[in-house]
């Protein structure tokens, strides 16, 4: 839920409650005022009535010709005599409509007989007044609500604008690019501070990233050079004629070990570079074509190991990858499929446009399939492999919106590459 | 043929220059950018082998200067960085080849030879060794004047041998020369063996002598001795 929608929602609920309460309170106040007014008039009329009785000693209905204004009834002296104000409805004589009245009941002795006197005042005017007032208030409050709602929406939109601007810039921010994170200086202090902090963080991250990158390159240089030296010296050493068979074997071991170390170093550096996303120039690459080409390249190895290649479906499988990584991905996949294949085995490539499989026959897995993609996980103990191939495949896939899965079914080992479902 | 090796790692520079000297080149070394810069102003080289990262400068700059001075000099970059951008940039400013460290001296030697062949004779020169004659332009091999049909890899193998006569070539370096760096060794060493067997057989069939010798199980040597 968006911030503005959320505040609007809370604001709406709150102002509705307040307005409702205010409306009810107002209605009650008006009602009390009206009643008080009517009741004080009724009291005055009572005084008039009592003055009249004192003067004339007798009451005659004819004095009051207006209908329903007064009722004078004799009551027994023992009846309870309490004065009271009540609301009552009385039917209109002409159009038979029920009309609201306020009635004041009191007891007066006339010529020695207690009479109950009820004088009334019509409330119809007051009710109409109240209706009009209520209607006006509802309209006014409604307009006020809408108005403030609109205003508040506009206002928070404007107030939060720098925040959303910052957010969108951070989203676009690319760590690997040389351009620093550029943010505005909004007039609101909090946002300015936020941008300031973010800019500092961005700069620091870029700086760290750069030094990491430099470290990667330097480490590569520092390790590769001594390795090159070992290699060169060993190569010179084997040119000498005076080596014995045993010495030859030792040298061979040194040589192999240095080659492996070079490979290992290159593999680790490649992994680090992928993790740091130091490859940025993506191209559209058809992996199906690339894999077929790779298999053609490896034809001799395949013939040598007598592995039959089947390409069952070859729909294009296009991905966005830097070319060197695409090549690395394909090379590692093919190498893996060849290395773990047995003689007279089979290798299968298929793509339906959504998924790409590379399968190979081979003996059953010894280690658990879940750990297959981990670094230095080697199947079997062949010392010539450094155990980074599958880790590289996985790292490339993870970083470029692909996923790789491994399946084993009846002697077939399949690596399936598919596009990661869009998460956003 | 004069070759300049620009490499700050003394031991490596020494190994390269020893190897080159043995191949009959006049080889000089420079350990710093300044030294190298001075040398390329003073002397003309047929081929310059440049390390990209030097203590006091950048190899790219050196190549640019070199190309301005004498465009026909061949340039081979040797670098610890296996970065595509470096390779592309190197080619753009006129280098001919790019080798990632660590490399095989025999591989470097083969590349230097092939480069000099291309530069000096436009590739129209034949490589001769005794009764074997190879025409690089048409990729044809003659033994005792008879055309010998060999496969593409066998041709590459033969040329690699001919570039490194009387030198022990390790099996790994042969494998990597034929199939590239990414080849997995276990199978490739078997393949090297079978290719060498086939090549030998084909040369012998046309009346050639057997020049390939296995050395300590490490590798092979091609030569008269």
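Glycine is treated like the rest: Cβ placed from N, Cα and C.
Per TrEMBL, the features are:
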- B:124-224: DNA-binding region (DNA_BIND)
- B:2-116: domain 'Response regulatory' (DOMAIN)
- B:124-224: domain 'OmpR/PhoB-type' (DOMAIN)
- B:51: 4-aspartylphosphate (MOD_RES)
For the domain 'OmpR/PhoB-type' (B:124-224), the mean pLDDT of the predicted model: 86
Residue distribution over DSSP helix, strand and coil in the DNA-binding region (B:124-224): 42 helix, 26 strand, 33 coil
Composition by DSSP (helix, strand, coil) of residues within the domain 'Response regulatory' (B:2-116): 55 helix, 29 strand, 31 coil
